[in-house]
Amino acid sequence: MNSSGLLCDNERPRHRPFLIGVSGGTASGKSTVCAKIMELLGQNKVDHHQRKVTIVSQDSFYRVLTPEQKAKALKGQYNFDHPDAFDTEFMCQTLKDIVEGKVVEVPTYDFVTHSRLPEKICVYPADVVLFEGILVFYTQEVRDMFHMKQFVDTDSDVRLSRRVLRDMNRGRDLEQILTQYTTFVKPAFEEFCLPTKKYADVIIPRGVDNMVAINLIVQHIQDILNGDICKWQRGSVNGHNHGRSLKRGVAEHGENPSGSSSNLTKRPLLEPSTRPH
């Protein structure tokens, strides 16, 4: 404790956060969904030291490229959507530290130069941590750390149009963008990302446009912040129970008058996009 009577960062009581994984294809709207959740919870205006909910992106864990790889990346010839593009070991250790309530630093990745910036992002202990990325469910060791898993399901044409606009704003030409998409992005989505959809407790069609889903998830997180987190820390509530209870809530909102379930209810619901590659 310092002279003013306040606890320093390394003296704060540590607690285990509720870890939520948010996956989905490139430009599906994962980052925007997370940002909307933060906004609705009123956490986006709270000082980073005091936030009860925080966001960490898998983008921070892209590997440092060799000169040869960087040259390919600048030509749109490097596969950023393959599992090997990420430093999985570093990512796993960082998540373990977060779950243990530690203060961690994660890299800032520059998608224009394809390199890590000197500035790092400091992630402080929070009650709920949203970890978003295209392949956050791919590795079992990472997947098993999540207490809840959400998949943002957005139409492929919408994702492509968003990606084209985003990458052109970064100075890339249309031909390079489309070549990279057909050569790397689309095949990698179908091989590595889409199959992990089956692990999701919550599926969010149309992303941030689906405010019914967003509001249900926000309410669920609010319940955790209001006390359920204490229950699951004591062992009476676990991550799978949280996922099932949310599914039931979504199903109740998604039933048709005939009593049959809409597409919304096949699995619960969440999204516009700031995917790098």
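Yeah, the Cβs are placed from backbone N, Cα and C, and that goes for glycine too.
From the candidate list Asp201, Asp209, the residue Swiss-Prot records in the ATP site shared with Gly24, Gly25, Thr26, Ala27, Ser28, Gly29, Lys30, Ser31, Thr32 is Asp209.
Nearest Cα neighbour of Gln180 (substrate binding site) among the listed binding-site residues (Gly24, Thr26, Lys30, Thr32): Thr26. The CA atom of Ser28 (ATP binding site) is located 9 Å away from the CA atom of Arg163 (substrate binding site). Counting every protein chain shown, the Cβ of Gln180 (substrate binding site) has 23 other Cβ atoms within 10 Å. Within 10 Å of the Cβ of Asp81 (substrate binding site) there are 24 other Cβ atoms, across all protein chains.
Arg172 (substrate binding site) falls within neither a helix nor a strand when secondary structure is assigned with DSSP, and so counts as coil.
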